[in-house]
Amino acid sequence: MSWLFGVNKGPKGEGAGPPPPLPPAQPGAEGGGDRGLGDRPAPKDKWSNFDPTGLERAAKAARELEHSRYAKEALNLAQMQEQTLQLEQQSKLKEYEAAVEQLKSEQIRAQAEERRKTLSEETRQHQARAQYQDKLARQRYEDQLKQQQLLNEENLRKQEESVQKQEAMRRATVEREMELRHKNEMLRVETEARARAKAERENADIIREQIRLKASEHRQTVLESIRTAGTLFGEGFRAFVTDRDKVTATVAGLTLLAVGVYSAKNATAVTGRFIEARLGKPSLVRETSRITVLEALRHPIQVSRRLLSRPQDVLEGVVLSPSLEARVRDIAIATRNTKKNRGLYRHILLYGPPGTGKTLFAKKLALHSGMDYAIMTGGDVAPMGREGVTAMHKLFDWANTSRRGLLLFMDEADAFLRKRATEEISKDLRATLNAFLYHMGQHSNKFMLVLASNLPEQFDCAINSRIDVMVHFDLPQQEERERLVRLHFDNCVLKPATEGKRRLKLAQFDYGRKCSEVARLTEGMSGREIAQLAVSWQATAYASKDGVLTEAMMDACVQDAVQQYRQKMRWLKAEGPGRGVEHPLSGVQGETLTSWSLATDPSYPCLAGPCTFRICSWMGTGLCPGPLSPRMSCGGGRPFCPPGHPLL
């Protein structure tokens, strides 16, 4: 009934309707009963200070509520409020109980954690104690081993001393025994010698008589043997001479035997030369694609693949300038059509700086034309001496036996085909050169000759007159260098990184940009030097711990290659023009010298100091339009352009 006192009012009470208003207080009603009693003081007890006004209002409100039409609803509202309070109290009680249970579980968990930590600490202490005990046991065991080792060493030392003493005693005994035996032997020999000498002195006459009798008997035996043999041979020869049939048969047999011996000797030599020309390989040939019987027996699968292979593109794997590509492609097409139509092959000269692809083009030309190729070097001819002429004839005889046609490639031809008038060459080398000129003087439908040289101006004039086509291989420019870098980067880095068992790894960076940058930094380098740079990338990756090729490693290899190239140029410059050594870029056309704008270029410095002369773009072409020779020098060994010449 708390609503009677004006407490616990909420939204539910408002929904049931407002309670009836309290009646207004009557004036003079408060304390009226007290005034009727007079001024007599009220008795003082525990209820003396109690104010019954609230009870009166409550009783009045209860009476009014009983007569009100909302009495039942108010009662229900009061009951519902009481139930709500009870439910709230019960929920709080449940929460208190849950909190108590949670507190108990936390206490149990804390106890378990403490117990676990205690067990862990006990375990750790046990392990530490066990380790300490094990350490003590190991130390005791090691001390025992050391003591045992010391004891064994002491015993071994004593045994060695004992053995040494016994060996010394035995050696002394043996020496004494040998000494006594030697004395006894000497005494015995001396006694026997004395006895033998005495016996010989006493029997000297008998011994001489025995020697005389033996010599007489031997002489009689030899004389009788000679007489008997002479008689037998004489009778046999007399019987042979008197019989004409035997004499005729003997003469015919000896004649046939001599004819057979000489015929077999000559036939064997002819057969050997035929087999060598057809099946063997001349000694001057270093490498050939021509199939021999021995090679077919050793590698039948590879030989069958080569026989079934189709002609390849002449420029596959070869990077050249566009103008040079067009020219060599025309040469390849002409050579292939010449083979198809069984025409006469032309002789070709490939000249230019080293490492520009001359040998590779010769191989590709042979494979593209369906011909066999054979590679020889000019430096192998001079050491042969007197055998050079025979070897040269064998080489061309072997070339004429090719059914598919043979491309004979001579690398470093300037080492052999030098000028006979000015160069000091031996008589044997001169004879070999004459034999070579004889075979080169006429065209053939069996072979074509391809010469490669870095110094073609040293050729004999007879060689120059026999050359049909001259092709100049130049150093690669920016575009060709970038193509070369990409080609060798793909062959030496990308393919090993994705194929094969022993793979190398490649870091992530812009490969195209890096190839372009390397092509820019390798200005002046040949194709061979760029290929060596790619191989150094691969070797650096294999030499690293993780096998990863990074951009920094590539940059280091490029810097090293550039430094090596500059060092080579310094060496080349130090040789000087009088030593017969030329700069790789000298004697070439103007488009190659575009990177040499000033003579102060550090790659080819002027010996006279600072120089401002420019290079003639017509140098080495023979087409200089100026009034002066383009071979003029600035005074420091640096050629410059005379007035009227086009400059680079």
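Keep in mind that glycine also has a Cβ here, set from the backbone N, Cα and C atoms.
Keep in mind that what you see is a predicted model, and the values were worked out from it rather than measured.
Listed features, source Swiss-Prot:
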REGION    1-54  region 'Disordered'
TOPO_DOM  2-246  topological domain 'Mitochondrial intermembrane'
COMPBIAS  17-26  compositional bias 'Pro residues'
COMPBIAS  32-48  compositional bias 'Basic and acidic residues'
COMPBIAS  111-125  compositional bias 'Basic and acidic residues'
REGION    111-134  region 'Disordered'
INTRAMEM  247-264  intramembrane segment
TOPO_DOM  265-648  topological domain 'Mitochondrial intermembrane'
BINDING   GLY352, PRO353, PRO354, GLY355, THR356, GLY357, LYS358, THR359  ATP binding site
Seminar exercise, completed: Across PRO354, LYS358, listed as binding-site residues, the smallest other-CB tally within 10 A is for PRO354
Problem set entry | Least buried by Cβ count (within 10 Å) of the binding-site residues THR356, THR359 | THR359
Exercise. Given the recorded ATP site (GLY352, PRO353, PRO354, GLY355, THR356, GLY357, LYS358, THR359), which additional residues of the same chain have their Cβ within 8 Å of the Cβ centre, ordered by sequence?
Worked result: LEU350, ALA452, ASN454, PHE473, SER526, GLY527, ARG528
Exercise. Hey, which of the binding-site residues PRO353, GLY355 is the loneliest by Cβ count within 10 Å?
Worked result: GLY355
Exercise. Looking only at Cβ atoms, how many others are within 10 Å of the one on GLY357 (ATP binding site)?
Worked result: 24
Exercise. Tell me, by DSSP, whether LYS358 (ATP binding site) is helix, strand or coil?
Worked result: helix
Exercise. If you count Cβ atoms within 10 Å of the Cβ of GLY352 (ATP binding site), leaving out that atom itself, what do you get?
Worked result: 23
Seminar exercise, completed: For the region 'Disordered' (111-134), the DSSP residue counts stand at 24 helix, 0 strand, 0 coil
Problem set entry | DSSP three-state assignment for PRO353 (ATP binding site) | coil
